[in-house]
Amino acid sequence: MGSDERKPLLSINDGDDDFNHQDVSTKTPPIKKESLSNKFKSFLKKSMTKETLPILIYVLLYIISGVINVVLLKKLMIKFVNYGFFLSQITNYGYLPIFLVAMWYKMYCTSDVPKETRNFPQYKFVIMGLLDAINGFFVVIGGVSTSGPLQQLLNQAIIPFTMIASFIFLRERYSLFQLGGAAVILGGVIVSLIPSLVGGSSGGNILFYNFFYLISVIPGALSNVYKDIAFQSIDMDVWYLQFWDCLYQSLFGSILFPVNNWLPPPATIKFTEIIPSMRDGALCLGGKNTILPIFNGTTSTLAFGSCGINDNFVCDDCHNTWIIVLIYMTVNIAYNIFILLVLKHAGATVYSIANTVILPLTNIFFSIHFIMGAATTPFSALSVAGLLLILFGLGGYRIGSMIKKPPPDSKKDSEQQGGEGGAGDGDSSDNKNNLGDSAEIPQQIQPKTQLHLRNQFFGRLGIDIPESRYRATNIINN
């Protein structure tokens, strides 16, 4: 046996050293795994296109303006704690000049307000303004003695109440996901109210006014449903609608002052005190305190009957109130503009997700002492539990809304159309067969119906549209 034969198999040299060397040297180096930071950067580069970047900016600005809007409104309620009725008038009449100028421009400088819109029955605006006035009255008067986090949780009750109103007046039907989500939302609202039910007045909450605030969702839900009924067959300009709604809302809001005569403190206003209360509210708007503490001359303690002794009679703190009012009105207008932009460019699904994000963010801001000062509301176990339940219920409701099922009525209509066309469409089916199996008749694009355009319009306004009605118009258009 030669020396080569005694070598191990892998050591045999057949003169291919150059080949083996070349083969080893040309092997592909091992692929390095991309780091998470690089993956994130590449994802951002692919996502940040000219189309998606504006949408992301709109959504972020909507969330930011929404949080600021809620926080500023609560700070205004704290400033006007003794003048809740005056605050409700400011939040109504303050927007009238803005909407009037915008409507005038739309009517006389553009063609956005046609004759059909101008001839729209005024009584429908009156009913809508009445419902919105009652809603705003309950929100402001009840919100003065309801903490910021609890306000945001109670606001979510409008979803189940709107479902009930839609079921009664529109005969709307809902899926099990939507019904389950609404039930969980109501459970979260009840859990959030437990501290007030058990502990009475605490954390700036007064039980009576917590329920007073909660009642506001009833006229709010009725307003949503009425808007769906009243604007059944017309596409209306946003600014035109906002002006008339704001006008009638302000007028009806002004005549609601007798209700304060029977309300407990701090919202009590006797009939003879309405004018002095409005005057003192105007002074508070200018930064002047009217209700001041009274001290004992000898002990330097608060005298009997002075403000500040209990939560039902609070001293004025009107410093820089007018600045907060101006900032709030500016942010509120921007907030409503971003609502339209998000709905227009991102759609209702992204809008719903953004609303869900706003809810926990506002509760976080209400717990920061630097922002809320003495009105800071720390987290509690029950408030966190209520928040989680409501978020879970909102998720279930949104999932149920996104599940598209053809409504039974549209299915029956299509079956009836097929049945009616069974005898009369024989010629058309024969003609189609004569063209051959491979021939296809081009599908014509059907024009959008007035109902479909109206639903799009209200979606941009942020008005809830029953899912089956919106899907029905899509089925007709498709």
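Count begins at 1; order follows the chain as displayed.
Glycine is treated like the rest: Cβ placed from N, Cα and C.
The region 'Disordered' feature in Swiss-Prot is assigned to 1-30 (among others).
Look at Swiss-Prot and you will find 1-52 (among others) tagged as topological domain 'Cytoplasmic'.
Under the heading transmembrane segment, Swiss-Prot lists 53-73 (among others), citing sequence analysis as support.
If one looks beyond the topological domain 'Vacuolar' (74-83) by at least 6 residues along the same chain, the residues whose Cβ comes under 8 Å of a Cβ in the stretch are 140, 143-144, 148, 151, 266, 277-278, 280-281, 284, 291, 314, 316-318, 321, 324-325, 328, 366, 372, 375. What Swiss-Prot records for 74-83 (among others) is topological domain 'Vacuolar'.
Proximity of distant same-chain residues to the transmembrane segment (84-104), defined by a Cβ-Cβ separation under 8 Å and at least 6 residues beyond the stretch ends, is recorded for 76-77, 113, 133, 136-137, 140-141, 144, 237, 239-240, 242-243, 246-247, 249-250, 253-254, 256-257, 260, 266-267, 269, 274, 277-278, 281-282, 284-285, 325, 329, 333. Summarising the annotation, Swiss-Prot assigns transmembrane segment to 84-104 (among others) and lists sequence analysis as the type of evidence.
Residues or ranges marked as topological domain 'Cytoplasmic' in Swiss-Prot (evidence: a curator's inference): 105-124 (among others). For the topological domain 'Cytoplasmic' (105-124), the model's average pLDDT works out to 90.
Here Swiss-Prot flags 125-145 (among others) as transmembrane segment.
A Cβ distance under 8 Å defines the sequence-distant neighbours of the topological domain 'Vacuolar' (146-149), meaning residues of its chain 6+ beyond its ends; these are 70-71, 74, 203-206, 209-210, 213, 362-363, 366-367, 372, 375, 377, 383, 387. For 146-149 (among others), the entry in Swiss-Prot reads topological domain 'Vacuolar', with the evidence type a curator's inference.
Remote same-chain partners of the transmembrane segment (150-170), defined as residues 6 or more beyond its termini with a Cβ less than 8 Å from a stretch Cβ, comprise 70, 74, 143, 178-179, 181-183, 185-186, 188-189, 192-193, 196, 205, 210, 213-214, 217-218, 220-222, 224-225, 228-229, 359, 362-363, 377, 383, 386-387, 390, 393-394, 397, 464, 466, 469. What Swiss-Prot records for 150-170 (among others) is transmembrane segment.
Counting residue by residue with DSSP, the topological domain 'Cytoplasmic' (171-178) contains 3 helix, 0 strand, 5 coil. Marked as topological domain 'Cytoplasmic' by Swiss-Prot: 171-178 (among others).
Per Swiss-Prot, the feature transmembrane segment maps to 179-199 (among others); the stated evidence is sequence analysis. Note on the transmembrane segment (179-199): residues 150, 153-154, 156-157, 159-160, 163, 205-207, 210, 214, 380, 382-383, 385-390, 392-400 of its chain, located 6 or more positions outside it, place their CB under 8 angstroms from a CB of the stretch.
Under the heading topological domain 'Vacuolar', Swiss-Prot lists 200-205 (among others), citing a curator's inference as support.
Tertiary neighbourhood of the transmembrane segment (206-226): same-chain residues 127-128, 131-132, 134-136, 138-139, 141-146, 150-151, 154-155, 157-158, 161-162, 164-166, 169-170, 189, 193, 196-197, 200, 264, 267, 311-312, 463-464, selected by CB-CB distance under 8 Å and a gap of 6+ residues from either end. According to Swiss-Prot, the transmembrane segment annotation covers 206-226 (among others).
Taken from Swiss-Prot, the feature topological domain 'Cytoplasmic' applies to 227-237 (among others), supported by a curator's inference.
Note on the transmembrane segment (238-258): residues 85, 88-89, 92-93, 95-96, 99-100, 102-103, 106-107, 112-113, 117, 122, 125-126, 128-130, 132-134, 136-137, 269, 271, 274, 340, 460-461 of its chain, located 6 or more positions outside it, place their CB under 8 angstroms from a CB of the stretch. According to Swiss-Prot, the feature transmembrane segment maps to 238-258 (among others).
As annotated by Swiss-Prot, topological domain 'Vacuolar' applies to 259-322 (among others).
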Sequence-remote partners of the transmembrane segment (53-73) [C-beta within less than 8 Å, at least six residues beyond its ends]: 143, 148, 151-152, 324, 327-328, 331-332, 334-335, 338-339, 341-342, 345-346, 350-351, 354-355, 357-358, 361-362, 365-366, 371-372
Contacting positions for the topological domain 'Cytoplasmic' (105-124) when only residues 6+ beyond its ends and CB under 8 Å are counted: 230-231, 234, 236-237, 239-240, 244
